[in-house]
Amino acid sequence: MTAAAAHASAQVAAQAAVPAVLPAPPPAAHRLAELYVDRRAIARNVRHFAHATGTPVMAVVKADGFGHGDVAEIALANGATWVGVATIPEAMRLRERGIAAPMLSWLNPVDADWEDAIGAGIDVAVTSFEQLYAVASAAERAGGTARLHLHLDIGMSREGAPAESWSALCVAAAALETAGRVRVVGIMGHLSSAETPASRQNDVERLRFVNGVRVAHRRGLTPSELHLAATAGALHRPDSRFTLSRVGAGLYGIDPAGIAALTPALTLTAPVAHLRRVAANTGIGYGHDHTTARATTLAVLPIGYGDGLPRAAQEHAQVAIRGRRYPIVGRISMDQVVVDVGNDAVELGDIAVLMGPGTRHEPTMRDWAEWSGTIEHEIVTRLGVRNSRVLRSYDERWAR
Ligand SMILES: *Cc1c(COP(=O)(O)O)cnc(C)c1O
């Protein structure tokens, strides 16, 4: 063995030697990505809608509370009086959790478990004759009366009843009401363009709704709940409020019109799990989409698209560590991302804030939506899928 080779192998041996005192691992709380849900933010947003709109608020908690988890209780404790979800199974889970508030489920197949809904006192939306008859026959079997909201399509071309069948649907519902099988307690519509409050389309669709209500009255129906507005309508189109606003996005701090200053509720963090120093011209991640321009330090965060981070945000995405912004470099992998922290003193276990209300220089959900070409709704809904949620704010987390 040459002297140089002997020297090199001695070095490797020295590096492989286990230190006499093993370094302590970072605190346990630092090892996983965490998703914080700020209950106070949701409470504040609900109160804003209840006060500013002057109409009762239906808290829309479909898709697991837009990814925020069990938030119906918070909404109801802060001014919401109704709860809204897409499907009957979603509504049943809320009832099983002890939520007794008036509840509406609006998107169900013809063979849904209508008897479950009737038995649990869950209102259902009806958009077709097939659904109407299925619900009425379930009510007959259950020996009860189904509470219905007839849903008129005013322009979405989605799940509402088409205008051509509206009058006949009202007639059929009125006949079943007389027979005691159903009670039409509400009429609903959904605006296609409320995110553009000044759009004339809102005027057109509101008129269709008003006409639909008039037709229902003429056919003998006496619904007490007339609801058209979702978040954007409730905020920016007072003429769309009627007797109830169905508020989803707004509860979580999202104004689809991008005007109102609501409070985002989510904070997403991940610890620095790995640090390494690399030379200039080092390729990073799959395909080497990014190559270092100079020697730098890379921090690996254990979070990726499998946790809901949009892969498409590559090239733009940033995180905040110790209040400073750093870019995510290379591709966003399923379980990890690489952050270029330059020559800064970042340490193992430091917490990277990927997304939050924006109060600590961290990116917001709106930033992530813009970086990845989508809307905030999609960002927050995806994050809830795999991340374990902590029902307290990031501030509360560090308060003790
Ligand atoms: C999701 C949904 C809502 C809530 O809409 P936001 O814009 O999130 O407030 C209201 N109504 C219907 C029919 C929906 O599907």
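Glycine too: its Cβ is placed from the backbone N, Cα and C atoms.
Annotation comment: TrEMBL describes K62 (among others) as active site, proton acceptor. Sequence-distant contacts (6 or more apart, same chain, Cβ under 8 Å) of K62 (active site, proton acceptor) comprise G84, V85, A86, T87, E90, G248.
DSSP classifies Y286 (active site, proton acceptor) as helix under the three-state reduction. The feature active site, proton acceptor is assigned by TrEMBL to Y286 (among others).
Under DSSP, R158 (substrate binding site) is assigned to coil, being neither helix nor strand in the three-state scheme. Residues annotated as substrate binding site in TrEMBL: R158, M334.
Sequence annotations record features per position, and here TrEMBL assigns domain 'Alanine racemase C-terminal' to 265-392.
The N6-(pyridoxal phosphate)lysine feature in TrEMBL is assigned to K62. Look at K62 (active site, proton acceptor): DSSP puts it in a helix.
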Roughly how many Å lie between the Cα atoms of M334 (substrate binding site) and Y286 (active site, proton acceptor), rounded to a whole value? 11
Under the DSSP assignment, what numbers of helix, strand and coil residues are found in the domain 'Alanine racemase C-terminal' (265-392)? 25 helix, 44 strand, 59 coil
If one measures from the C-alpha of Y286 (active site, proton acceptor) to the C-alpha of R158 (substrate binding site), what distance in angstrom results, rounded to a whole number? 40
In sequence order, what residues of the same chain, 6+ apart, have a Cβ less than 8 Å from the Cβ of R158 (substrate binding site)? H190
